[in-house]
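Heads up: the structure comes next, in structure tokens.
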Amino acid sequence: MGTQGKVIKCKAAIAWKTGSPLCIEEIEVSPPKACEVRIQVIATCVCPTDINATDPKKKALFPVVLGHECAGIVESVGPGVTNFKPGDKVIPFFAPQCKRCKLCLSPLTNLCGKLRNFKYPTIDQELMEDRTSRFTCKGRSIYHFMGVSSFSQYTVVSEANLARVDDEANLERVCLIGCGFSSGYGAAINTAKVTPSSTCAVFGLGCVGLSAIIGCKIAGASRIIAIDINGEKFPKAKALGATDCLNPRELDKPVQDVITELTAGGVDYSLDCAGTAQTLKAAVDCTVLGWGSCTVVGAKVDKMTIPTVDVILGRSINGTFFGGWKSVDSVPNLVSDYKNKKFDLDLLVTHALPFESINDAIDLMKEGKSIRTILTF
């Protein structure tokens, strides 16, 4: 391509400061350096993590190009890159896999040593590995976000944060595999390890929670209880496999008590995809004593407490990062599974908008009116 080795000028949505709408700007994207790949973003989505990053309580650095769920096409590669070439369809992701570090070499985790700040993984990777940015706007250096920065027509990522996918992949659907779908689906399949004929409770029915329901159903769960304070999400949850839907605001007792009664003692597996203090407590309390397992998929609070006796009596709590998938190895397989109709991503997409309407997409999510909005350039 004629742009290889050159600075590219393109559109991007920049968060200049906390709490303000994103601004569509013209930015300059530098060529990739060693072990980096420059991508033309074809489709991207808004995830709650992008919105939460602008919260003043978070530690995000500004100005920043947000976005971390997308799919695109390789425009050019930096020195030393041999696994990608211009024209490849790719999915970047926030969970790197360098395949060299102690963590990557262990079968026990999907974490990678390239993450520098494990305490705040969602705001890590704000610069490239040489600690510089590939983005500039109006003479200012702009921070990256979670190693992806998909709210730009072009972005630069580490090859450890990228997977080549099927040439026939529908990028406007498989972009969900870059975060939301993989996180929820994998939480059920890989982390909770839901078993056939088991009972499950899924808290929070956004993209991650609905994807967890898909995972529970594919794993063979006999009963899947979906919980959310927005009842408008229940029809979609049932279409994806939920057998029961509960709105805690419409119950006369705590939702965990209702779930315990419905399942004669508690569910085998709970997955908290909402991450509030209330849902974390309920997700633990609704599991059966003896073997009940709670998987924490997302957390909006820094700490959670659990009575010691719960642990002694057999309840367990697991955390999951990117659904437990080793990203570079697993993402191509997930794309193939979608192509082979093992699961359907279409029900997770509620809106499609031009990239310039990104703030409308954010409003739709804040108002609980969308699951995923696909933005295209």
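Here the Cβ of each residue, glycine as well, is placed from N, Cα and C on the backbone.
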Write down the one residue from Cys137, Cys175, Cys179, Cys200 that Swiss-Prot lists together with Cys47, His68 as binding Zn(2+) 1.
Cys179
If I take the Cα of Cys104 (Zn(2+) 2 binding site) as reference, which of the binding-site residues Thr49, Leu205, Cys207, Gly209, Thr320 has the closest Cα?
Thr320
Please report how many Å separate the Cα atom of Thr49 (NAD(+) binding site) from that of His68 (Zn(2+) 1 binding site), as a whole number.
9
If you take the centroid of the Cβ atoms of Cys47, His68, Cys179, the listed Zn(2+) 1 site, which other residues of that chain have their Cβ within 8 Å of it?
Cys45, Thr49, Asp50, Gly67, Glu69, Phe94, Met146, Val148, Ser150, Gly178, Gly180
Among Leu205, Gly209, Lys233, Phe322, which are recorded as binding-site residues, the nearest neighbour of Cys179 (Zn(2+) 1 binding site) by Cα:
Phe322
Binding-site residues listed as Gly209, Gly298, least Cβ neighbours within 10 Å:
Gly298
Other than Cys98, Cys101, Cys104, Cys112, which residues of the same chain sit close to Zn(2+) 2? List them in sequence order, counting a residue when its Cβ is within 8 Å of the Cβ centroid of the site.
Pro96, Gln97, Lys99, Arg100, Lys102, Leu103, Leu105, Leu111, Gly113, Lys114, Ala160
Have a look at the binding-site residues Cys47, His68, Cys98, Cys101, Cys112 and say which one has the shortest Cα distance to Cys207 (NAD(+) binding site).
Cys47
